[in-house]
Amino acid sequence: MGLVITIICALAAAVGGFLFGYDSGVISETLVQETFISKFNLSSSQEGGIVSVFAAGAFFGAAMAGWLADRYGRVRTIFIGAVICTNGCALQASGQNFVMILFGRLIAGFSIGQLSMIVPMYQAEISPPKHRGFLSGLQQQMIGLGFIASNWVGYGSAHVKGSAFQWRFPLAVQCCFSIMLIVFTFFLPESPRYLVKMNRGDEAKQVLRRLHYDGKNDDWINLEYSEISHQIQSERLVQVSLKDLLLQKTYRPYLALGCLTQIFSQCTGINVINYYGPIMYKILGYTGHKIFLLQSIYGVVGPIANFFFITCIIDRFGRKRPLIYGSLGLATVLLIECIVNTKYEPRDGVATNKNAQSTGLAMIWLATKSRYYLLFVVLNVVSATTVFLFFPETKGKTLEEMDKLFTDQAAPPTRENPPQSIEKLSIEYLKDIGKE
């Protein structure tokens, strides 16, 4: 029963991931809706500004999220992010000019950056080590589902000809999910780690029992609580500032691992299609509903693959191997695409629907040709190499045990006898169940 409650809590928090996917995908559809184009008549630089300002807002939102989480708690920070997101999405949906859309995207981006940082933290802190990969992976799954939803809502709205409903409705739908997340926060338990940090140990024990207890694993829960308590005590003895993270050798691995994981995920090449897919299809000569249909079909593939990954792979094979093989796989298919496009580059005089489209394609090939794909080939190879050489495997370890991967200091013993790790205790516990 405890695991079921934990899954429900992780799913509820992952609505923040759904908002990320939806808000990222909806703008690509919006920019090519006929009524949006006729109302705003944006230049290419303004379109780029609307897309990129979202990322700028997310940068600052993510930077603020850590401070908010430590000061107000994980659940309250999710609540704050959802409230901000509602306001930003409402501003976009009611936009009357370019500035309103731009500021709406900025505000929404700030909230999404905040949620993107705090939701995985919350999921990790409420998850047992054995299932942390699956539960944390729900965030990515919901991002994919949000992207699918935005594509199909945009596809359906495109059929409403001559009405602002084409783009206002898809933008307004975001508010429904942000309000849903606001409601969920009133029922989510606070992170046990945050409760211990705030000297609310009894509440932390209650949450651990509610989330992890199955009627037999009292020792497992007591050990988990002890490890969290000792880790918090150790952190209080050593106050780490941003300057320490940047300059002290002890903390550099933490900083590098956290930053590089996020950087590599953004350097796969996926955002090119996510943000500019419909515009690219339009340049290639597709028109009307075909543009939205292509983007919608594309959006379905990722979540299907991710669901298989989080249910069958991540907690069985660990984190490193999927990162390495995934990056090498991306590099391989992008290299093939580069070679194919080099061999079959467009020739002069190729007819398209409009002269403007022919000119656009010609300029793209003149500027980059197939070399564009090589950028992501190189980045994915660098990603795989870095993970192989420097990233530790974290499968099955508690958050507290992960300190041992970077430092020689282990958490103080929690028993009179030498302490066992929760991972080992979990294995023994499962063996006992099998004997019964």
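Don't overthink the numbers, they just go from 1 along the chain as shown.
Cβ atoms here come from the backbone N, Cα and C positions, even for glycine.
Given the structure is predicted, the values throughout are model-derived calculations rather than measurements.
The annotation domain 'Major facilitator superfamily (MFS) profile' is assigned in TrEMBL to 9-436.
Marked as transmembrane segment by TrEMBL: 48-68 (among others).
What TrEMBL records for 99-122 (among others) is transmembrane segment.
The transmembrane segment feature in TrEMBL is assigned to 167-188 (among others). Tertiary proximity for the transmembrane segment (167-188) is limited to same-chain residues at least six positions away from its ends with a CB under 8 Å from its CB atoms, namely 9, 12-13, 15-16, 18-19, 22-23, 26, 29-30, 33, 35-36, 75-76, 78-79, 82-83, 85-86, 89-90, 92-95, 108, 111, 122, 146, 149-150, 153-154, 157.
For 254-276 (among others), the entry in TrEMBL reads transmembrane segment.
TrEMBL lists 296-314 (among others) with the feature transmembrane segment.
The transmembrane segment feature in TrEMBL is assigned to 323-342 (among others).
Sequence-distant contacts of the transmembrane segment (372-391), counting only residues of its own chain at least 6 positions beyond either end whose CB sits under 8 Å from a CB of the stretch, comprise 256-257, 260, 264, 267-269, 319-320, 323-325, 327-328, 330-331, 334-335, 337-338, 341. According to TrEMBL, the transmembrane segment annotation covers 372-391 (among others).
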Winner by Cβ pairs under 8 Å against the transmembrane segment (254-276), considering only 99-122, 296-314, 323-342: 323-342
Confidence summary for the domain 'Major facilitator superfamily (MFS) profile' (9-436), mean pLDDT rounded: 81
Non-local residues, at least 6 beyond the ends, that sit with Cβ under 8 Å of the transmembrane segment (99-122): 13-14, 16-17, 19-20, 23-24, 27, 40, 49-50, 53-66, 68-69, 74-75, 77-78, 80-82, 84-85, 87-93, 136, 139, 174, 178, 188, 191
